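Straight from TrEMBL, the features:
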- B:52-72: transmembrane segment (TRANSMEM)
- B:84-107: transmembrane segment (TRANSMEM)
- B:113-131: transmembrane segment (TRANSMEM)
- B:138-159: transmembrane segment (TRANSMEM)
- B:189-208: transmembrane segment (TRANSMEM)
- B:387-408: transmembrane segment (TRANSMEM)
- B:420-439: transmembrane segment (TRANSMEM)
- B:445-466: transmembrane segment (TRANSMEM)
- B:475-497: transmembrane segment (TRANSMEM)
- B:567-594: transmembrane segment (TRANSMEM)
- B:606-623: transmembrane segment (TRANSMEM)
- B:629-651: transmembrane segment (TRANSMEM)
Amino acid sequence: MDAAKKPDLHLYDVEAASFAVGGRTILPPLTMALEPGRFYGLVGPNGSGKSTLLKLLARQQEPAAGSIRFSGRPLDSYGTRDFARCVAYMPQFTPPAEGMNVRELAGLGRFPWHGALGRFSAEDEDKVTRALAQTSLTALAERMVDSLSGGERQRAWLAMMLAQDTRCLLLDEPTSALDLAHQVEILALVRKLSHKQGLTIVAVLHDINMAASFCDELIALRDGRIVARGAPELILEPTVLDSIYGLPMGITRHPQTGAPISYVL
Amino acid sequence: MARRIPLPILLWSGLGLFACALFGRKLAVQWSGLQSGEVVDLDRVILVYGLLPRAAVALLAGAALGLSGLLLQRILRNPLAEPSTLGISAGAQLALGLATLYVPSIVERSSTAVAFAGGLVAVALILALTWRRGLEPVSVVLAGMMVALTANAAGAALILANGDYLFSLFIWGGGSLVQQGWDPAIAIGWRLALGLGAAVLLMRPLAILGLDDVAARGLGLSLNASRFLLIALAVWLAATVVAEVGIIGFVGLAAPVLATLSGARSLKQKLVAAPLIGAVLLWLTDGLVQLAAGAGGERVPTGAATALLGGPLLLWLLPRLRLFEWPSLDRPAHTPKRVARPWLRIAVLGAAGIVTLAIALLLGRGLQGWSLASDGEMLADLVAWRLPRVIVAATCGGMLAAAGVVIQRVTSNPLASPEVLGIGAGAGAGLAAVLLFAGSAGLGWQLAGSSTGALVTLTVILVIAARGNLGPERLLFAGIAMNALCSAVLAAVVALGNAQSYRLLGWLTGSTIQATFLEASVAAIGLVLITVPLLVAARWLAILPLGAGTALSVGLSVRLARNTLILIAAFASALAAQFVGPLSFAGLIAPHLARMMGLDRTRPQLAGAVILGALLMMVSDWLSRMLFFPYQLPVGLFASLLGGVYLTLLLGRGVERRG
């Protein structure tokens, strides 16, 4: 909460961080700052480096050059479990969690707190129960994960991240495998969590209209560079969209809310 | 602009020229002897009946294997299919061994027919096993490996039972190309010509068979008739090679793959390229074997050498190979229902284990028929004999099961196990190395050797898997390559034909006959040392199947956890392989059984699998003592037969896979 009052204290400071594989640059040096308590959407065409940037933030990959700081400390100064108490990350393809029920999956989120050998304490139990309640999974807690529908399974993974009790959630295309109703359900849930509990959320999202209607701020990448950044109304402009997607696009208004909606010309 | 010759053709021509040069060198040596005129006759004989036919056999056998592999890969739509991965070669060889022992007259009349029959039985078995899975590649190759390993073990048991008489058969089984005349070359030659002709005639059905079943049927092809015809053709070619020169692995696998990688796209191009590449590969290998042999005579059969060269080649190819997407892989697995009170079930299992132990100790078959050792004196006598081997069998089963649970969870691959990934064979290669350098090495050194071998194998496989981002199928492929590689090392050492060879042969069949109390206590301590840390590290085992990304994001240091677990699994497999040989399959089966019993959380699964593995091996041990009394079968051979039956059920039910 303190951080929110001081706008100059950033949650993430990315300074000229770049990423390369086998000499091929995937992400040219990139600089940006993220503030706490906001819901960021990373948008852009395929291969624009969205997922790579998210993985750098999640410390899943190390930048080839440059630095990334979280709460003012360089990422590599955190221990593995230390960092996992601050930031939770959901990969794009969640594996099939065989032989696990929902409560057990959520319980794995407590690993950074109790470690490999520590006791699963009453507090751990509490956090898991709360995470299940937040994701409306209490009734499904004993169901096996692989028997769930796509939307429920995604909520179960979200419950695991919430049980991790971090300040920041990083989501790589959390809605890519879901139908429209479940996309709305997940994004609305994420937005609620962000606004109610002050969680910082960075999500890679494919659908620009969906991102615009749920995120506080959009960061648009193209070829690994930030080509636009700002509130959804500022991004959903024909010229801006053209610079992101290289495609002539138009804007119309939502008949009820008046929010901008993009379409391909 | 002048048309440039494509690079692959240049490459293959270059390799062909190199093989040519190796042959030329050999020839020149022989020729100079011929010129000097002293012992003209002998040198001429060697040239005409030794060197020239040998080159011809290498070229023809290589081409035949290349063609056979191409046909099989095409028909089964399976890039892993070839005579040796499908167990055709092993089946053919076992048939030859059996026939040589019991009906030698048939072998004399037509050894090819015997080999053909053996190969057909192997293929029929595999097709029957995997038919209901729609001949899905991974199942087919797994079944093939099971058939091949079992046939090899049965062959080794035959040799052990019949001593020197069959030992030469084994050496020849390694695929030596040494020739004493033109008969084999002619035999392979005309069959190859016939096979090529038939393949050209059947080119259209073959092309359509490369599509999926629905499309092929839509084009009006009688699917099964043409499929069986072509398979029989491929088996016939491979069986001929086995009958004439023995098992030569990898050529049939590598030639079609290399043809594709070299740019042969159409079926017609492949029909030309695969046999040619196969011929060059085998000729080159044989040339290198002769070059390495020097004056001391050849110790490495060419068939083993192809595996030595082909194994690394395959591992290199893996990430570059495109595998078919098989629709059946995406089918959701049937999830067994979780049991409400897992520890109660484990207690029941444990009780069953104790009862089995008691039966294994007490109930036996003697000269007077079945007897229960009830009075004290007789019991004490029998227990002294039976207890060590029963304990060795049980603890090894438990260790393999524990290793299986770890490997399946670390790789998130339900088909992985110490046996399938070649870790058992790796332990054998390590053991072979120790025995080779110090024939009288004690148990400690042998263990050190086999552990090192197992660890190296597992590490190599996992490094390759991590590099190439291998899915379950490719990991299995890497395992097959390692299996073949280590088996080649073993075959080479066994082919030395000295005391160590017999020791290794005994090891290959997995015999507990000579187990002592010392070994029993080592194995028992090993089981405890392995299981306890795993039970403690259960959280690692729960998180790792979710993938490195998830594991890292919940703060698990993936590398530390993985390496520790792998070390434990390698040690467990090596220790178990030391006593019961490389092929028990308890490591594959026990974790599955535990899961199917509804034990799916980490600790219950681990505990259940350990008990089930022990049970499995105790039953195998008991059956191997009783079934053919007064003879005893090696327990490893028996366990692998049990494993085969189980795998049949598993594949038939389609419980197995998950993409």
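Yeah, the Cβs are placed from backbone N, Cα and C, and that goes for glycine too.
Listed as Cβ neighbours of the transmembrane segment (B:387-408) (distance under 8 Å, sequence separation of 6 or more from its ends, same chain) are residues 353, 357, 360-361, 414, 416-419, 421, 423, 458, 512-513, 515-517, 519-520, 523-524, 526-527, 530-531, 534, 541, 565-566, 568-570, 572-573, 575-576, 579-580, 584, 586-591, 594, 605-606, 609-618, 620-622, 635, 639.
Long-range contacts of the transmembrane segment (B:189-208) within the same chain: residues 56, 60, 63-64, 67-68, 71, 74-75, 112, 215-216, 219, 221, 226, 229-230, 233, 236-237, 240, 267-268, 271, 275, each at least 6 residues beyond the stretch ends and with a Cβ under 8 Å from a Cβ of the stretch.
Taking pairs at least six residues apart, the transmembrane segment (B:567-594) and the transmembrane segment (B:606-623) share three or more Cβ pairs below 8 Å and count as touching. Proximity of distant same-chain residues to the transmembrane segment (B:445-466), defined by a Cβ-Cβ separation under 8 Å and at least 6 residues beyond the stretch ends, is recorded for 315, 318-319, 407, 411, 418, 421-431, 433-435, 438, 474-475, 478-479, 482, 486, 522, 562, 566-567, 569-571, 573-575, 577-578.
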